[in-house]
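Feature list (source: Swiss-Prot):
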type	residues	note
TOPO_DOM	1-9	topological domain 'Cytoplasmic'
TRANSMEM	10-30	transmembrane segment
TOPO_DOM	31-39	topological domain 'Periplasmic'
TRANSMEM	40-60	transmembrane segment
TOPO_DOM	61-90	topological domain 'Cytoplasmic'
TRANSMEM	91-111	transmembrane segment
TRANSMEM	114-134	transmembrane segment
TOPO_DOM	135-151	topological domain 'Cytoplasmic'
TRANSMEM	152-172	transmembrane segment
TOPO_DOM	173-185	topological domain 'Periplasmic'
TRANSMEM	186-206	transmembrane segment
TOPO_DOM	207-224	topological domain 'Cytoplasmic'
TRANSMEM	225-245	transmembrane segment
TOPO_DOM	246-275	topological domain 'Periplasmic'
TRANSMEM	276-296	transmembrane segment
TOPO_DOM	297-320	topological domain 'Cytoplasmic'
TRANSMEM	321-341	transmembrane segment
TOPO_DOM	342-353	topological domain 'Periplasmic'
TRANSMEM	354-374	transmembrane segment
TOPO_DOM	375-386	topological domain 'Cytoplasmic'
TRANSMEM	387-407	transmembrane segment
TRANSMEM	410-430	transmembrane segment
TOPO_DOM	431-439	topological domain 'Cytoplasmic'
């Protein structure tokens with residue numbers, strides 16, 4: 001028993017894992033993407049920060065009162081039965097599968113900029129597969145090893161970003177910031193809306209503590225703390241750092257950069273310092289991917305334990321690592337990386353990001369809707385339940401706004417992926433629906 005507990009994550013490791021899942025993949029390219037819109041994107045930040053905190057608070061409540069295992073799938077089951085559990089885990093798993101390939105591609109792109117290398121599309125695809133496999137194999141040591149490695153690599157993002165938040169003000173130009181407000185003169189709501197998907201991509205990961213509930217010490221207490229702490233910490237760092245950098249680097253240079261933080265430090269100090277920052281960013285990106293690869297294996301394992309996914313995802317080693325499932329996942333991702341080989345890596349990256357955001361929002365909406373009944377079952381006093389239900393409603397409304405802002409193409413493909421899930425559930429439904437009827 002004590003040995004099993006020793007391989008579980010504590011609250012600090014889980015909070016760091018939640019933060020690194022958001023920060024590592026999200027913030028690296030964010031200043032470049034937001035510069036395409038202008039500094040008016042600070043309004044998008046505030047909207048997304050409020051929406052994300054509402055989601056995080058509601059997830060914390062779900063974590064406190066839910067008595068079902070499996071993270072978001074367990075929450076959804078309260079309101080939508082076994083089909084809701086399946087759909088939450090299926091769409092979340094698909095989202096992570098897509099997002100992890102996008103993260104790996106961005107790590108390769110950042111690394112080539114650091115080394116001054118020029119890779120062909122095929123070489124980029126092969127390098128992406130290499131990154132995916134390295135980050136998968138590093139997870140074979142179990143939950144505690146993953147937490148320890150992530151807690152080291154997160155500093156690759158925290159040091160330069162927090163450093164920029166503190167010392168960047170000495171190079172900050174208010175005039176430059178104001179001139180970059182809305183460079184393309186887009187209508188207000190159009191400009192704010194076009195930044196929403198970008199900012200939410202940065203926050204994806206606020207639910208990762210929920211996905212890892214089965215490998216956490218004292219989940220009732222630790223999951224809510226980790227979700228809220230990780231989200232709040234990331235929100236402050238995001239908003240300050242991306243707005244400081246917009247007052248240091250001219251808008252056009254920032255929009256055309258492939259390594260915005262490296263560019264900022266190169267302008268503040270020397271090109272060599274910029275290279276060091278880029279190296280730290282590559283390290284943090286790989287650490288983020290490491291955390292996500294562990295999370296997706298855990299999501300697939302939870303679904304397999306429930307009987308939704310094939311049994312191969314449930315098999316674990318002596319250190320509780322679902323190695324066979326991890327290998328299956330990375331093989332699928334390798335195929336996806338080969339399929340995405342394209343002369344325009346950036347456009348392919350954006351398609352992957354938007355599709356990942358859309359599919360990730362589905363389990364968010366299911367979880368928000370389920371909080372009402374979760375609290376009723378837990379006999380939460382009506383006055384307290386009303387507050388949490390209202391916050392969950394705000395989180396759901398933000399989720400729908402984010403879906404709308406993701407664009408028609410992402411919504412189309414995301415819908416097809418989601419509807420396919422209902423068909424797949426039909427194939428496994430007899431083992432659940434017949435049991436319910438005869439039970």
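Note: Cβ is positioned from N, Cα and C throughout, glycine not excepted.
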Within-chain partners of the topological domain 'Cytoplasmic' (135-151) [C-beta distance under 8 Å, separation at least 6 from its ends]: 6-10, 12-14, 16-17, 20, 104, 212, 215, 286-291, 293-294, 297, 317, 319-321, 323, 326-327, 329-330
The transmembrane segment (152-172) touching the transmembrane segment (186-206) per 3+ Cβ pairs under 8 Å rule: no
Winner by Cβ pairs under 8 Å against the transmembrane segment (10-30), considering only 40-60, 91-111, 152-172, 354-374: 152-172
Chain residues in Cβ proximity to the topological domain 'Periplasmic' (31-39) (below 8 Å; excluding those fewer than six residues from its ends, i.e. six or more beyond): 177-178, 180-184, 186, 191, 194-195, 198-199, 241-243, 245-246, 249, 251, 254-258, 260-261, 264
Region pair the transmembrane segment (91-111) / the transmembrane segment (387-407), three or more CB pairs under 8 Å: no
The transmembrane segment (354-374) versus listed stretches 152-172, 225-245, 321-341, 387-407, 410-430: most Cβ pairs under 8 Å: 387-407
Tertiary contacts of the transmembrane segment (225-245) (same chain, 6+ residues out, Cβ under 8 Å): 11, 14-19, 21-23, 26-27, 30-31, 34, 39, 41-42, 45-46, 49, 52-53, 56-57, 59-60, 63, 158, 161-162, 164-165, 168-169, 172, 177, 199, 202-203, 205-207, 209-210, 254, 260-261, 264
Long-range Cβ neighbours of the topological domain 'Periplasmic' (246-275) (under 8 Å; 6 or more residues past either end): 28-32, 34-36, 38-39, 109-110, 113-114, 160-161, 164, 167-168, 171-174, 176-177, 179-180, 183, 281
